[in-house]
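Engineer: Can you keep this structure in mind? I'll have questions shortly.
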Amino acid sequence: MKSQTRGVPAKSLLSDYSSNRPIQAWLWLPLIACSRSCQPMGVQGFFLHYLNQYHSTFYKNSSNKPITFKPTYITNSVVLPILQGGTFAFLTPSLAMLSLPTWKCPDWTNNASMVDPTSPKFIELWQVRIRELQGAIMVASCFQIFVGFSGLIGFLMRFIGPLTIAPTISLVALPLFSSAGKDAGEHWGIAAITIFFIVLFSQYLKNVPVPVPSYQKRKKCHFSKIYLFQIFPVLFALTITWLLCFVLTITNVLPSDTTAYGYLARTDSKGDVISEAPWFRFPYPGQWGVPTISLAGVFGIIAGVISSMVESVGDYYACARLSGAPPPPKHAINRGIGVEGIGCLLAGAWGTGNGTTSYSENVGALGITRVGSRMVIVAGGFVLLVTGMFGKIGAVFASIPTPIIGGMFLVMFGIITAVGVSNLQYTDMNSSRNIFIFGFSIFAGLTVPHWVENNTDKLKTGTVQLDQVIQVLLTTGMFVGGFLGFFLDNTIPGSQEERGLLAWRKDYNEESDGAVNNLHIYDLPFGIGSKFCVANWFKYLPVCPKQLATRGAKEQKSNKADFERNSDNDINTKV
């Protein structure tokens, strides 16, 4: 199992906000994407459509099996109970791509009063940007599909360690501090109250059980103690602060003047968004038009793809440990990464403006709730797919006051940054080598993008396409920091113990003893493995269990020997 131990550390990717990332991702990723797609504050038409199709098409179920992109097809094919959804890894390169001079929004879109969301001019303005994201995501997802199904992910993981992952994940959130400050600054009081309740529920009350009515066949009706504050801290905080804003709105404590400070904390600041939203809307591929492709966008999104692949490998190991399964073998990891690539391809085709990855926070929820049923995951994914088609549900999320979003931004972006830094627990941080690599990678990942954004005219090669590629890559902090961490960690001399690779391996293998005999749970579903993977040459396929091919070869050899033995006996009998 040593060859499978180069993933992201499982423990470092779990947080106390385990079950809330889906709620936050539905809301935050569309919000941030809309802000760079020329969607001014107060114009909710595009955001409503975008949020609902994002919600309904993004929630596919991820596993280490090949048939996993529709919940109705994966009842018997899912191996690990992992949810797959929108990823922050694609956010930074997407924003970098939309920051190119070609895609900068006109000044008139900054004023909601000057924008008619139904005008063809405005519709084409934002749709052309979404189509550009679509094309980049679809092409980059093909790279992930190739890496997964070809088995290259195992080779790449040999060179990726904690000092590569730490700056990469941290720089996903660090550049977004301005977005958090801008939204929270619309009313710091409301933002502070949101943060207060999130901290109260997730930290101070997380170990306080709440009696909840439940039913079991043996115990009949009874009360079960569930740690609700630990499972839903953000949801509770969002609801309470939202109700507070509603009370302050109907009592006119918050100003009604659109130019006054605190206006965006009103629950009616975004218009009659709920009443105007359609009851039903079915998303479909190409709903924004034919996707377009640019070299700069593809290279930028590939940087996000690599980051999400590394994170997903760690999620597989973490989920296997928490669900009592053996560590996933290489063929299962290959299939999992390949299927996630298919999920990204579908997400791009549907026009979500983002890719998909395994949710490490939902892996944490598995440890909290102790519910590892695959049917629960399938049912949850089905519910999300259905509810995402109802426009009123998306409208409810769209009407959340901006300062509440800013308060959640401050907490979540801080958590993502800390998750990246937590990877350093495996390294020797008393080593000047490691301190230099991490510190330099982080600082360069912040400095270089800032300089490039303000000096685009100084990066001219004479080829427009090459200029765009360079600009997108150098303004993507996670690429700059991750690349420097990867290069320096693999070129500066250092022992495996110093680099954290030995501790990483130990973390994955500490519970793998005696589990090899249970690896059959990672076989292909519906009897595909036992029927088609028994030939000897199948062991060379990266997605096929080698033990099946070996067993099949032995069975064929045994059957051949039995046939020859029986033939000899028949001949001797006749003689």
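Including glycine, each Cβ sits where the backbone N, Cα and C put it.
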Engineer: Ranges 31-51, 472-492: which does TrEMBL label transmembrane segment?
Structural biologist: 472-492
Engineer: May I ask you to indicate which of 163-181, 315-333 is given in TrEMBL as transmembrane segment?
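Structural biologist: Residues 163-181 are the ones TrEMBL records as transmembrane segment.
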Engineer: Might you confirm whether the transmembrane segment (472-492) is in contact with the transmembrane segment (288-306), defined here as three or more C-beta pairs under 8 A between residues 6 or more apart in sequence?
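Structural biologist: By the criterion, they touch.
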Engineer: Sequence gap of 6 or more, Cβ distance under 8 Å, 3 or more pairs: do the transmembrane segment (472-492) and the transmembrane segment (163-181) meet that?
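Structural biologist: Yes, the transmembrane segment (472-492) and the transmembrane segment (163-181) are in contact.
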